[in-house]
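Features as listed in TrEMBL:
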type: DOMAIN; residues: A:44-191; note: domain 'HhH-GPD'
type: DOMAIN; residues: A:115-134; note: domain 'Helix-hairpin-helix DNA-binding motif class 1'
type: BINDING; residues: A:193, A:200, A:203, A:209; note: [4Fe-4S] cluster binding site
DNA sequence: AACTCGGGGCA
DNA sequence: TGCCCAGAGTT
């Protein structure tokens with residue numbers, strides 16, 4: 001039993017090492033370390049590429065900096081600024097309402113506790129963890145659809161819901177890898193381990209992957 | 001659990 | 001041109 005666990009630990013570390021080799025430039029996808037600006041950028045990132053979010057926020061933050069600038073915007077004004085990110089009506093309303101809550105309830109500061117963050121409209125489990133990890137340097141593993149799918153295929157988790165996957169990943173991956181691993185798994189999920197037709201034949205992880213072991 | 005929001009990416 | 005998506009909220 002102990003031997004199996006040791007082998008599994010080694011397998012996880014090998015996976016991480018290969019991911020690091022192949023995706024050396026994985027950084028925080030959204031540039032902003034300022035908690036509020038990261039919050040806005042992360043809300044915008046739903047169902048949208050980070051490349052486009054960065055384009056939009058670069059413009060946006062030249063005009064509007066902090067929650068006081070967003071709180072009094074008319075929804076239509078903000079909608080026009082963020083239209084290219086899609087889902088703009090929801091995102092606009094959520095950003096404005098979150099800005100107001102941050103001003104009224106949190107004295108203009110983005111809260112640094114998970115339970116408070118998820119009270120903000122537009123902030124769910126994934127967004128809250130992105131902010132905790134990247135803006136506040138707190139231990140958190142953000143699980144999005146790519147992380148969820150790829151982790152399960154790799155056998156990093158057998159969880160059927162994002163929360164269980166999150167717990168498994170935090171158990172199995174060393175904490176100083178969490179932010180990087182988040183981006184590695186996303187890149188891999190987009191480039192190779194896609195939802196419908198994963199390119200297992202050319203995958204650099206195929207020898208270590210549960211999904212491939214089971215299917216080939 | 002299924003539906004909605006939505007412009008952009010990609011085959 | 002049609003399908004899908006680096007989520008979250010509502011029913």
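Glycine too: its Cβ is placed from the backbone N, Cα and C atoms.
Counting residues per DSSP class in helix, strand and coil order gives 103 helix, 0 strand, 45 coil for the domain 'HhH-GPD' (A:44-191).
The Cβ neighbour count for residue A:209 ([4Fe-4S] cluster binding site), using a 10 Å radius over every protein chain in view, is 23.
Mapped onto three states, the DSSP output places residue A:200 ([4Fe-4S] cluster binding site) in helix.
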